[in-house]
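Please read the structure below before turning to the comments.
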Amino acid sequence: MKDKYGREIDYLRISLTDKCNLRCAYCMEKDHNDFIHNDKLMTLDEILRVVKECASIGIKKVRLTGGEPLVREGIVDLIKNINKIPEIEEICLTTNGILLGDKVKELSENGLKRVNISLDTLKEDRFKEITRIGTLDKVLYSIEKCLENNVKVKINTVILEDFNKDEILDLINLAYKNPIDLRFIELMPIGEGKKFKGVTNSEILEIIKKEKKVLSDGKTLRLNGPAKYISIEGFKGKIGFISAMSDCFCEDCNRIRVTPEGFMKQCLHWKYGINLRDKMRNGISDEELREIIKKSIYEKPEKHNFKMKEKDEDKRFMYEIGG
């Protein structure tokens, strides 16, 4: 369906949990262990109900996020049941990759088509520094297993000043021999991210163009989503840029979000929305739930205002919202 600005909203991002098995520095406090109690999370049946009603009004693609979605029990059955919904054309997962390698075959067999894996460095010591408790080899193993099982892979990378800027060329080489899309995501001022200085994607692109032959005269192509892509001569995969801060893409936004507690967010930045979990637990019918979702989608704001200090800003951390 369309929102009031005429954008076609066909993509649902739904967070299964705020829990994570890493503590990435720009996402979560080092010693954080105060997560949402299980009885406040949407149940898997509630999640499935939301997906069904969203599908009935035009949602075609579902992405499961977190926190780390793979720490949520029952995810295989959830994907299996979402895959049975006729209107849903694609099920995707955003993950840190630590647990994925040993699960991807089963996930794929039950309907998972794509994964986005967060990876900011190829150096073990830096990986430990940024994630605080992670192991790089597990992520690289997960990428390998995804390719073996024909699950399409995108790698999401955040470049931080004075941390991994010198690895840009090494990181894009992941897309050289493999059909992997690597996307540079500009750091957004959410939660712990406000404490770091990111690098703009225009600067990253200039670094790449100095060393690689960018095809199509360096012009970028926006596909179905916020990323603009370039092709590099000899590369099997593409390089993408998600530039939320320097190149607002809100006019093409096609998504709606639901947090682990069932709060439907119309925009990542804005705090407004409606709690679907509470409505369901109060006994509303499927038709009533559908109408609430339709109204929420229709009222989606025109754009974010990350660069402004707004009273309407969502103060929660990214892992609480759904990354």
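Cβ coordinates are placed from backbone N, Cα and C, and glycine is handled just like the others.
Copied over from Swiss-Prot, here are the features:
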- 4-233: domain 'Radical SAM core' (DOMAIN)
- Arg13, Arg63, Thr94, Lys154, Arg255, Ile256, Arg257: GTP binding site (BINDING)
- Cys20, Cys24, Cys27: [4Fe-4S] cluster 1 binding site (BINDING)
- Tyr26, Gly67, Ser118, Met188: S-adenosyl-L-methionine binding site (BINDING)
- Cys250, Cys253, Cys267: [4Fe-4S] cluster 2 binding site (BINDING)
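All features noted in Swiss-Prot, drawn onto the structure.
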residue	record	DSSP class
Arg13	GTP binding site	strand
Cys20	[4Fe-4S] cluster 1 binding site	coil
Tyr26	S-adenosyl-L-methionine binding site	coil
Gly67	S-adenosyl-L-methionine binding site	coil
Thr94	GTP binding site	strand
Ser118	S-adenosyl-L-methionine binding site	strand
Met188	S-adenosyl-L-methionine binding site	coil
Cys253	[4Fe-4S] cluster 2 binding site	coil
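Spatially close to Ile256 (GTP binding site) yet at least six residues away along the chain are Ile9, Tyr11, Leu12, Arg13, Cys54, Ile59, Met264, Lys265, Gln266, Ser296, Ile297, Lys300, judged by Cβ distances under 8 angstroms. The separation of Cys253 ([4Fe-4S] cluster 2 binding site) from Tyr26 (S-adenosyl-L-methionine binding site), Cα to Cα, is 24 Å. The separation of Cys27 ([4Fe-4S] cluster 1 binding site) from Thr94 (GTP binding site), Cα to Cα, is 15 Å.
If you measure from the Cα atom of Ser118 (S-adenosyl-L-methionine binding site) to that of Lys154 (GTP binding site), you get 9 Å.
For the pair formed by Cys250 ([4Fe-4S] cluster 2 binding site) and Cys27 ([4Fe-4S] cluster 1 binding site), distance between Cα atoms is given as 23 Å, rounded to the nearest Å.
Annotation: Arg255, Arg257 are the binding-site residues among Cys20, Cys24, Arg63, Arg255, Arg257 whose CA atoms are within 10 angstroms of the CA of Cys267 ([4Fe-4S] cluster 2 binding site).
The two recorded residues, Cys253 ([4Fe-4S] cluster 2 binding site) and Arg63 (GTP binding site), have Cα atoms 15 Å apart. When the CA atoms are compared, no binding-site residues among the candidates Arg63, Lys154, Met188, Arg255, Arg257 lie within 10 A of Cys20 ([4Fe-4S] cluster 1 binding site).
Spacing of Cys24 ([4Fe-4S] cluster 1 binding site) relative to Gly67 (S-adenosyl-L-methionine binding site) is 11 Å (Cα to Cα, whole number).
When Cβ neighbours within 10 Å are tallied across all protein chains shown, the highest count among the binding-site residues Cys20, Met188, Cys250 belongs to Cys20.
Of the residues the record lists as binding GTP, namely Arg13, Arg63, Thr94, Lys154, Arg255, Ile256, Arg257, the two whose Cα atoms sit farthest apart are 20 Å from each other.
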